[in-house]
Amino acid sequence: MTTPVVHDAACIFCKIIKGEIPSKKLIETSHSYSFLDIQPLAKGHALIVPKYHGAKLHDIPDEFLTDILPIAKKLSKALGVDNNGIENPIGYNVLQNNGKIAHQEVSHVHFHVIPKRDKDTGLVVGWPAQPTDFAKLDQTHKEIMAKLDSNL
Ligand code: 5GP
Ligand code: ZN
């Protein structure tokens, strides 16, 4: 059985999906809608949203999530960021934020596809890596595996 499509009348991305707010549409499928970000970090910065209203990744049924990465792949080619030139490499980031503390502004799940053509445009990431500690890793692994084994 197909999961029914759920909308929230007050949500800006639900309004975009329904065409109530204009957008620069890129790819649309039965489960997803993609369009240009209105305040791009770089030229071609795109968003992909499931046609299902949910704030965070874990709120979205799997059939909507599995539709999204192939769209990100198509967009990477259309944006011309799939070119692994050695002289002048262009990259891209696929980003998905969950929660205000994790920089989520719009409470409808969305994946960013952000071209990275140079160090100043595109995504700039802070990466506060901690030193490797195998005892801590072991403990963390045990904690997570216990939850996974209890079928959370
Ligand atoms: P977040 O910080 O929630 O991960 O990203 C939300 C993104 O949605 C931002 O990059 C912002 O520019 C974009 N955005 C917010 N409102 C609109 C809108 O009305 N139209 C479009 N195209 N993008 C929007
Ligand atoms: Zn929504």
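Cβ atoms are placed via backbone N, Cα and C, with glycine included.
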Segment assigned the feature motif 'Histidine triad motif' in TrEMBL (from 78-82, 93-97, 108-112): 108-112
Beyond the flanks of the motif 'Histidine triad motif' (108-112) by at least 6 residues, Cβ under 8 Å: 8, 11-14, 37, 45-50, 53-57, 59-60, 68, 72, 93-96, 98, 123
The domain 'HIT' (12-123): DSSP-derived helix, strand, coil residue counts: 28 helix, 25 strand, 59 coil
